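K.L.:
One structure, as structure tokens, below. Some questions next.
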Amino acid sequence: MMHRVGFNVIGRRSFFTVNARRQVLKSSFMGLKPLQLTALLLAGSAGYLYFMNARSAIHEYVVCPVVRLITPDPENGHKLGIWCFKWGLSPKLYFDKDPESLHVNVFGTTMTNPIGCAAGLDKDAEAIDGIMPTGFGYMEVGSVTPVAQPGNPRPRFFRLPADDAVINRYGFNSSGHDVVYNNLMKRVNKFLNSYFGDKSIDKLSLYKDKLLAVNLGKNKNGDEVKDYLKGVEKFQSLADVLVINVSSPNTPGLRDLQNEAKLTNLLSEIITKRDSQSNKPNALGKQNHKPPVLVKIAPDLTEPELQSIVEAAKKSKVDGIIVSNTTIQRPNTLKTQDETLRNQVGGLSGKPLKPFALKAMKAVSKYAKDSDLVLVGCGGISSGKDAIEFAKAGATFVQLYTSYAYVGPALIARIKDEVAEELKKEGKTWMEIIGEDNK
């Protein structure tokens, strides 16, 4: 009896509380004149549209700083960002059409623009349709390992705001092949079953002129060849591009795979595996699907070591090289004063990485000059000027991540605008400036 009375009392309180709130809201709006109500609705709609526009400065000056403020542990900020992208609480570039000067002819197709999202942002392929529409022409998910693994202990991700940089020692934390495969298959099935889907699209990004790559890693105690072969077998049917990550500084022994003999053997086995599966249809039913294979390398290599990597890429017949991953170096140009912070173990990315990545790109480009290898620039890119520097050094397209985390979605439109403006001044297209400094 007492329980019933208690329940009734609580129920009445809840009822009256809800009713009271409704009355307050009703009286508040009833007091407004039609013109005022219209103005309020228009202001709210305008605010929403402004927030949902990827060109809006609100993300750089309000949203991103607030996220950093409420998430002292950057890893939680990363998770919050992915959650927002996953559930559609993210802006998009509405009605934007990339100019032809930005188009990239690569891998037998055309990408709408040369700005790509690097691996590490969407590790488990959860948020592709939130991230891609902010303006990217290419997106890489992963790194993904065969078996789920937690990575290194936390904290393992550190912000260096004075340098627009971060240090991470994640250690290939991954939900594993099965989870990522299921996430990608759900996207494809939803697309195929959608009444409004453009069935003429033949790219696994599910966008007409954009590419989706899956970045493959190995487990901490996994086999240095078999783990990658498992990745090729699992994701060949779901990727426009496959990326072999042998350059993370946070997995013991991984960078040893950049040795010419080891790398040649690994990449040759991967190409053999890919070719043996090319007679199978991909997830969209396309026959003879043979995604290009890229290898991602470190910037912390000598010129002879970079030359050896290019030779390994040529011998194994992979399609290209991503230059580069994060650096283990700590340049004396860092503005961060906290010695403990700046000397955290892990890979440094963001603006301070650019000189190392660009130097490596120039060396790789020099030795890849007489080949068909596609070079991809990655490391410290945060402006149109940066993107053009990498292109002139030999990059067919570029990737970024850290600058996107600091500035927000508006960065992509800004970079594309800056590149298009500079190309117009020079009277050239993006394709015409690739490798210009090496000619």
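Here the Cβ of each residue, glycine as well, is placed from N, Cα and C on the backbone.
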K.L.:
Among K123, K369, K385, which residue shares the substrate site with N168, R169, Y170, G171, F172, N245, V246, S247, S248, P249, N250, N325, T326 according to Swiss-Prot?
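P.N.:
So, going by the record in Swiss-Prot, that would be K123.
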K.L.:
A119, G120, L121, D122, K123, S143, N215, N245, K296, G350, G380, Y401, T402 bind FMN according to Swiss-Prot; which of S90, S268, S324 goes with them?
P.N.:
S324
K.L.:
With every protein chain in view, what's the tally of Cβ atoms within 10 Å of the Cβ of K123 (FMN binding site), excluding that atom itself?
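P.N.:
Summing over all protein chains shown, K123 (FMN binding site) has 24 other Cβ atoms within 10 Å.
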K.L.:
Just to be sure I understand: of N215, S248, G350, which recorded positions have a C-alpha no more than 10 angstroms from the C-alpha of G171 (substrate binding site)?
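P.N.:
For G171 (substrate binding site), the recorded positions whose Cα atoms are within 10 Å come to S248.
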K.L.:
Quick one: among the binding-site residues G171, G350, which has the most Cβ atoms sitting within 10 Å of its own Cβ?
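P.N.:
In terms of Cβ crowding, the pick is G350.
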K.L.:
Could you check the binding-site residues A119, L121 and say which one's CB has the fewest neighbouring CB atoms inside 10 Å?
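P.N.:
Result for the binding-site residues A119, L121: minimum number of other Cβ atoms within 10 Å at L121.
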K.L.:
Which residue among the binding-site residues R169, K296 has the fewest other Cβ atoms within 10 Å of its Cβ, if you could check?
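P.N.:
Output over binding-site residues R169, K296: least Cβ neighbours within 10 Å is R169.
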K.L.:
Work out the three-state DSSP category of G350 (FMN binding site).
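P.N.:
DSSP assigns G350 (FMN binding site) to strand.
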K.L.:
Give the residue from the recorded positions N215, S248, N325 that has the most other Cβ atoms within 10 Å of its Cβ, counting over every protein chain displayed.
P.N.:
N325
